[in-house]
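Trainee: Got a structure for you, questions after.
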Amino acid sequence: MATSRLPAVPEEETTILMAKEELEALRTAFESGDIPQAASRLRELLATTETTRLEVGVTGESGAGKSSLINALRGVGAEDPGAALTGVVETTMQPSPYPHPQFPDVTLWDLPGAGSPGCSADKYLKEVDFGRYDFFLLVSPRRCGAVETRLASEILRQGKKFYFVRTKVDEDLAATRNQRPSGFSEAAVLQEIRDHCAERLRAAGLSDPRIFLVSNLSPNRYDFPMLVTTWEHDLPAHRRHAGLLSLPDISLEALQKKKDMLQEQVLKTALVSGVIQALPVPGLAAAYDDALLIRSLRGYHRSFGLDDDSLAKLAEQVGKQAGDLRSVIRSPLANEVSPETVLRLYSQSSDGAMRVARAFERGIPVFGTLVAGGISFGTVYTMLQGCLNEMAEDAQRVRIKALEEDETQGEVSLEAAGDNAVEKRSSGEGTSEEAPLSTRRKLGLLLKYILDSWKRRDLSEDK
């Protein structure tokens with residue numbers, strides 16, 4: 001039997017739907033001519049993003065604020081169960097792992113302080129097993145000295161990335177304000193600190209250093225929000241999913257990025273469902289379990305911090321009642337993601353499933369083959385996309401309620417996605433900015449390649 005060929009796809013056409021290496025693996029499965037194996041590979045790709053580990057080494061000299069930074073990134077207080085130990089003296093004697101409270105596959109490692117008397121740099125690097133970490137946060141409470149430049153050089157030698165996190169800038173600002181009250185300028189002081197750190201890091205061999213000035217006590221100020229978003233942006237494709245979902249939603253930008261990442265999962269989950277339902281392989285559809293839908297929805301719920309533990313923790317941090325935060329949540333999944341709730345939503349989504357499928361078919365005619373095989377793709381896509389949008393909006397409302405921000409709904413609304421964008425485009429309403437085609441086009445391209453390969457396979461068998 002002749003094997004089917006899945007054409008190569010330009011890299012820029014696959015960055016939203018799936019990473020390049022994922023598509024290559026999928027193409028290999030299709031070229032083998034084993035369609036059930038290809039469908040199984042799709043499920044594996046979806047599951048991989050849920051189990052990818054991320055190891056982050058947090059290093060620096062003693063007393064730099066490493067433990068406090070870890071707590072801030074994990075969204076926990078110093079007295080919360082499982083928080084990294086903090087103190088005025090060195091409290092970390094050996095590498096200590098701190099899994100994220102909600103995502104245990106993401107681990108921040110609190111490394112012992114470097115530069116201690118009697119401990120050479122080489123000995124320190126060996127003791128903390130410097131090579132095991134995916135990337136680093138290099139933390140310093142001062143303007144980058146010999147300890148920091150030595151660590152920076154070693155990280156660069158290993159071919160890895162790091163971000164220089166200058167902590168306790170609030171203390172520097174307060175001291176400068178007291179010393180020079182008449183000519184004090186916060187922006188000027190921060191720029192002076194940044195320039196000095198950049199100069200020292202360039203001397204260590206880093207051409208374009210990433211420097212973040214933060215206060216661990218004020219995660220909404222200075223460069224802390226930028227640290228969070230930059231961390232996500234620079235993660236390799238196979239680490240990005242785990243890293244993003246672990247980040248606290250301290251800014252609207254971080255919330256939007258989290259929603260964009262989960263949007264990829266909506267497409268993958270719907271694609272798996274549609275492919276399996278369309279395949280004429282006995283018993284294959286049964287392998288696609290409703291448990292996957294429940295797990296996806298629970299993942300959205302947890303990722304946006306809408307679960308009871310997250311709401312209670314946020315309420316304590318901002319001095320409000322958890323009930324006040326919960327009062328602005330409107331999603332029917334706010335209380336529980338149960339099989340009964342999912343079944344009801346699934347049934348409701350079936351009403352609009354064919355409309356969504358036909359909207360995709362108008363852009364990619366060959367998609368009709370999949371539509372003819374069943375409406376599972378449209379149903380799953382409609383349901384998950386609607387729930388994702390609702391939960392993202394709930395997370396936005398909770399954020400506004402917690403911080404009491406004076407923002408209008410229009411000013412802070414997250415970018416619309418899913419059915420609304422498809423419907424607007426198919427009906428000719430709105431501009432290209434209102435209904436971006438990039439995600440739809442990428443999904444359509446992959447579906448076209450898959451379905452074309454099936455068609456060629458069928459024709460060769462007929463001959």
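Yeah, the Cβs are placed from backbone N, Cα and C, and that goes for glycine too.
Annotations per Swiss-Prot:
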| type | residues | note |
| --- | --- | --- |
| BINDING | 61-68, 86-90, 168-170, 215-217 | GTP binding site |
| DOMAIN | 52-234 | domain 'IRG-type G' |
| MOD_RES | SER246 | phosphoserine |
| MOD_RES | SER303 | phosphoserine |
| REGION | 409-438 | region 'Disordered' |
Trainee: Considering every residue in the domain 'IRG-type G' (52-234), what is the mean pLDDT value?
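Mentor: So the average pLDDT across the domain 'IRG-type G' (52-234) works out to 81.
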Trainee: What whole-number Å value do you get for the CA-CA distance of LEU217 (GTP binding site) and SER303 (phosphoserine)?
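Mentor: On Cα coordinates alone, these residues lie 23 Å apart.
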Trainee: What same-chain residues, at least 6 away in sequence, bring their CB to under 8 Å of the CB of ASP170 (GTP binding site)?
Mentor: SER215, LEU217, SER218, ARG221, TYR222
Trainee: Using CB atoms and a 10 A radius, I'd like the single residue among the binding-site residues ALA64, LEU217 with the highest neighbour count.
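Mentor: Buried the deepest by this measure is ALA64.
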Trainee: State the count of C-beta atoms found within 10 angstroms of the C-beta of GLU61 (GTP binding site), not counting that atom itself.
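Mentor: If we count other Cβ atoms within 10 Å of GLU61 (GTP binding site), we arrive at 20.
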Trainee: Other than its own, how many Cβ atoms are within 10 Å of the Cβ belonging to SER303 (phosphoserine)?
Mentor: 26
Trainee: Under a three-state reading of DSSP, tell me whether SER67 (GTP binding site) is helix, strand or coil.
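Mentor: In the DSSP reduction, SER67 (GTP binding site) maps to helix.
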Trainee: According to DSSP, folded down to helix, strand and coil, what is LEU217 (GTP binding site)?
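Mentor: For LEU217 (GTP binding site) - judged by DSSP and reduced to three states - the answer is coil.
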Trainee: For SER67 (GTP binding site), just count the other CB atoms lying within 10 A of its CB, please.
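Mentor: Around SER67 (GTP binding site), other Cβ atoms within 10 Å: 24.
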Trainee: Measure from the CA atom of SER303 (phosphoserine) to the CA atom of GLU61 (GTP binding site) and give the result in Å, rounded to a whole number.
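Mentor: It is 33 Å, counting Cα to Cα.
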